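**Student:** Here you go, one structure.
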């Protein structure tokens, strides 16, 4: 297959994955973000990169957004929101993050393929995501892509869609958000 044909197939998979995401769950996440004093994002590996990109856009919107594990991350306070992206919902470090957030009376939102996972069971809000686990032999969702690629890509697109929803709710545009962009580059 040609590279451009692979691109087309990946885009087709991403297009189809949108139908598996609940607008109601997405709206609940947006509402939690709007009502939270601080928002923390977490993920491991490529899912962690997606979490960082989401925190960055939230910061561009003026939200008090942080990335779990960074050296400048402040303490979580009661009622703060922790958004965890984990395909399997069984990543050990993220299970610990969810448990710690709950012990501090934070609100945990889990974006996962597996709502019945250890992280899902601790979550106050679950956003069910399409995709295949890294070990695709146990997955019911078929993809041509390796390991968790479809989940990770869908996660990024979902985060960007939530940003658009928040922009709409707050009446923001890209130009306004750019005033929060780094300027020491």
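Glycine is no exception: its Cβ is also placed from the backbone N, Cα and C atoms.
As listed in Swiss-Prot for this protein:
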- 152: active site, proton acceptor (ACT_SITE)
- 47, 86, 87, 88, 89, 90, 91: substrate binding site (BINDING)
- 29-172: domain 'SIS' (DOMAIN)
**Student:** May I ask for the distance between residue 89 (substrate binding site) and residue 152 (active site, proton acceptor), taken between their Cα atoms and rounded to an integer number of Å?
**Tutor:** 13
**Student:** Roughly how many angstrom lie between the C-alpha atoms of residue 47 (substrate binding site) and residue 152 (active site, proton acceptor)?
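**Tutor:** Taking the Cα atoms only, residue 47 (substrate binding site) lies 6 Å from residue 152 (active site, proton acceptor).
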**Student:** Starting from each candidate's C-beta and looking 10 angstroms out, tell me which of the recorded positions 90, 152 has the most other C-beta atoms.
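**Tutor:** Per the Cβ count, the most surrounded site is 152.
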**Student:** I'm trying to understand the geometry here, so how far is the Cα atom of residue 90 (substrate binding site) from the Cα atom of the residue listed as 'active site, proton acceptor', in Å to the nearest whole number?
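**Tutor:** Residue 90 (substrate binding site) to the residue listed as 'active site, proton acceptor', Cα-Cα distance: 15 Å.
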**Student:** State the Cα to Cα distance, in Å, between residue 87 (substrate binding site) and residue 152 (active site, proton acceptor), rounded to an integer.
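**Tutor:** If we compare the Cα positions of residue 87 (substrate binding site) and residue 152 (active site, proton acceptor), the gap is 8 Å.
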**Student:** Report, as a single number, how many Cβ atoms besides its own are within 10 Å of the Cβ of residue 91 (substrate binding site).
**Tutor:** 24
**Student:** Run through 86, 88, 91 for me and report the binding-site residues whose CA is within 10 Å of the CA of the residue listed as 'active site, proton acceptor', in sequence order.
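**Tutor:** Cα within 10 Å of the residue listed as 'active site, proton acceptor': 86.
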**Student:** Starting from each candidate's C-beta and looking 10 angstroms out, tell me which of the binding-site residues 87, 89 has the most other C-beta atoms.
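**Tutor:** Max Cβ neighbours within 10 Å, all protein chains included: 87.
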**Student:** Within 10 Å of the Cβ of residue 47 (substrate binding site), how many other Cβ atoms can you find? Include all protein chains, please.
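**Tutor:** The Cβ of residue 47 (substrate binding site) has 24 Cβ neighbours within 10 Å.
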